[in-house]
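Here's the structure, in structure tokens; my notes come after.
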Amino acid sequence: MMDQARSAFSTLFGGEPLSYTRFSLARQVDGDNSHVEMKLAADEEENVDNNMRDNGASVTKPKRFNGFICYGTIAIILFFLIGFMIGYLGYCKRVEAKSECERPAGTESLEVEGTEPSETEEYFPEAPSHLFWSDLKTMLSEKLSNTEFTSTIRQLNENSYFPREAGSQKDESLAFFIENRFRELQLSKAWHDEHFVKVQVKGSASNSVTIVGTNSGMVYLVESPEGYVAYSKAATVTGRLVHANFGTKKDFENLNSPVNGSLVIVRAGKITFAEKVANAESFNAIGVLIYMDQAKFPITNAEIPFFGHAHLGTGDPYTPGFPSFNHTQFPPSQSSGLPNIPVQTISRANAEKLFGNMEGDCPSAWETDSSCRLETSRNWNVKLSVNNVLKEIRIFNVFGVIKGFEEPDHYVVVGAQRDAWGPGAAKSSVGTALLLELARILSDMVLKGGFKPSRSIVFASWSAGDFGAVGATEWLEGYLSSLHLKAFTYINLDKAVLGTSNFKVSASPLLYSLIEKVMKDVKHPVTGQSLYRDSNWINKVEKFSLDNAAFPFLAYSGIPAVSFCFCEDTDYPYLGTTMDVYEKLIQKVPQLNKMARAAAEVAGQLIMKLTYDLELNLNYEMYNDKILSFVRDVSRFRADIKEMGLNLQWLYSARGDFFRATSRLTTDYRNAERTNRFIMRDINDRIMRVEYHFLSPYVSPRESPFRHIFWGTGSHTLSALLEHLKLRQENISAFNETLFRNQLALTTWTIQGAANALSGDIWDIDNEF
């Protein structure tokens, strides 16, 4: 049998006889002995061949070359089969692990609460394996079409939730309602944090406005207002009254009568209360009255009270630059943005009483009420008494998060103000309704629709927004180090629907390109046309106002931000008043539900686009235009700069380095391997640095919290440098050359630093600055 088997194998392998060596496994382990045995076997075979030759047998020597080919072929086939099996098993394990990791956002919270795994699997239907951008847009649009925003807005304006002034019981009740709602929506996590902040409220003694006769001493009480202005100086002042239109800097400059030592009365609108008061104080006024004229605010009720604040900044003004946590103990300090003069709101009816004792018609260019007068006569003065007091309150910020599947430590923040001095239907209820419904829809898309955002989505409900974005600012101050290079965009939902005619945007230049794409995708719910109507829309983007919660994100933290609204050419008249109710809102905006859906679609597409794509949709090249525009403006003063023995060469160089850095980053992105997560993350990290590095590192966050050189406030900003340089031509005695030298040098180095940060690692920085 053995001979037959050997004969068969010999035939199979080309007729070559096979030889083998007898040796034990125990000896083979020793290594060298096995070689000896193999050599002996070969010698044995050789001896057999010699003996056969000696015996005269005619035998043909086998061809070993063919055998080697066959052995090699078998080995290759075996290696291929083994490799295939290993790869297949490894792939199965990876798929199993990935399916375990890529659970829907709500799974974590469900397991924490003790839900059985079988229930979880049964609850979530099978989702598509991959969704394209068009699929996501369609899914979002379909879910929005079935959403009744008006019912949510109406619910938020029920008696149980208003009035909800910051720190009140109703504000706290709404906070916990929102937190519980986030949990019901099965977000990855819902939580809140609390801050203890100082706000100003009306004291036990009423504020008052009276007319005093200069000769007779006669006193006539005009009003003890229900409304007030938070953070006013508590004081009593008396003087003549001068009308200063809207209270802008230009309005004060154009007045024929000086306001030094006088009270001023100004119209609401155009700029914030805080800016009006700051301008009045800079022109040495001793007090400010603010009223709503009928021309700009066509409200029938002339007695309506209204509210605002006078802090030229955001956050708790008594912990500037610091978080207002209960366990922090800072030395007594206060913001430089607090006014040093009293300020008070008065009704239109009582403003007209004051005009009855004033002289001179207001200029027709003001386009205000016919009752308007310029200044009190010599026989009368006005006395203003403000008795507001400080009060420490506890506020809650509420959060929910949908964790990302690829980069959970990078997140977009979507927020809305929750509190309101009055009912706050337009001011806070619309934004809060958008926040809740977007959280519901996006969570549902993750749980059931197969949407797997690469990055996290944080939903935030802020308190004390009416006092100057206090809740949002305190959160930024408390977690600034944690948010750095993690929070990459803030989307503000406050006052998103105030009308139907216009779509207005305030945003960081990094978001311009993305906003334009979204505007082209979203149609106006009334006209049916795209929101993108004007190719020149970027030049119409409005700067963030101080009372916009997005402002501290951009100017204080260096986080790109966007705020938008559907509105009219005129201001919404009921903001900050007791008439900001649901009934007035639906009367002003009959298509409220459709407009809210459009606002939610804009915000939803922004969120999805920022979390869906591998590359962050932040167009860093837009800042090239901003820097170039600034350089051109400065270049107009070359002669003045040369007279000071300076030149702009280093500024030109910094601008060139920034341009080259953006070009290099664009090239790196185009050449990057999209499937390499490490490379893509490195590119995204470089993009995230851009906005942050426009925060001037040369000023104190405590003294100048809004450090952004483009969008901040203070002497370090580009606008301040240009304004100061103009003084050299207009009023050289007011020009400070030492200050200007510092401004120019620090601006140049800030731009250079942004260029270096964009370049990446230090060995990639290639400049000759």
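Quick reminder: no glycine exception, Cβ is built from N, Cα and C everywhere.
Annotated features in Swiss-Prot:
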{"type": "CARBOHYD", "residues": "ASN260", "note": "N-linked glycosylation site"}
{"type": "CARBOHYD", "residues": "ASN326", "note": "N-linked glycosylation site"}
{"type": "CARBOHYD", "residues": "ASN731", "note": "N-linked glycosylation site"}
{"type": "CARBOHYD", "residues": "ASN736", "note": "N-linked glycosylation site"}
{"type": "LIPID", "residues": "CYS70", "note": "S-palmitoyl cysteine"}
{"type": "MOD_RES", "residues": "SER10", "note": "phosphoserine"}
{"type": "MOD_RES", "residues": "SER19", "note": "phosphoserine"}
{"type": "MOD_RES", "residues": "TYR20", "note": "phosphotyrosine"}
{"type": "MOD_RES", "residues": "THR21", "note": "phosphothreonine"}
{"type": "MOD_RES", "residues": "SER24", "note": "phosphoserine"}
{"type": "REGION", "residues": "1-70", "note": "region 'Mediates interaction with SH3BP4'"}
{"type": "REGION", "residues": "578-769", "note": "region 'Ligand-binding'"}
{"type": "MOTIF", "residues": "20-23", "note": "motif 'Endocytosis signal'"}
{"type": "TOPO_DOM", "residues": "1-70", "note": "topological domain 'Cytoplasmic'"}
{"type": "TOPO_DOM", "residues": "92-769", "note": "topological domain 'Extracellular'"}
Pairwise Cα distance for ASN736 (N-linked glycosylation site)/the residue listed as 'S-palmitoyl cysteine' [Å, integer]: 92
DSSP state at ASN736 (N-linked glycosylation site), helix/strand/coil: coil
CB within-chain contacts under 8 A for ASN260 (N-linked glycosylation site), separation at least 6: PHE283, ASN284, ALA285
Rounded to the nearest Å - Cα separation of CYS70 (S-palmitoyl cysteine) and ASN731 (N-linked glycosylation site): 98
DSSP state at the residue listed as 'S-palmitoyl cysteine', helix/strand/coil: helix
ASN731 (N-linked glycosylation site): secondary structure state under DSSP, collapsed to three categories: coil
Under 8 Å by Cβ from ASN731 (N-linked glycosylation site), counting only residues of that chain that are 6 or more apart: none
Confidence summary for the topological domain 'Extracellular' (92-769), mean pLDDT rounded: 91
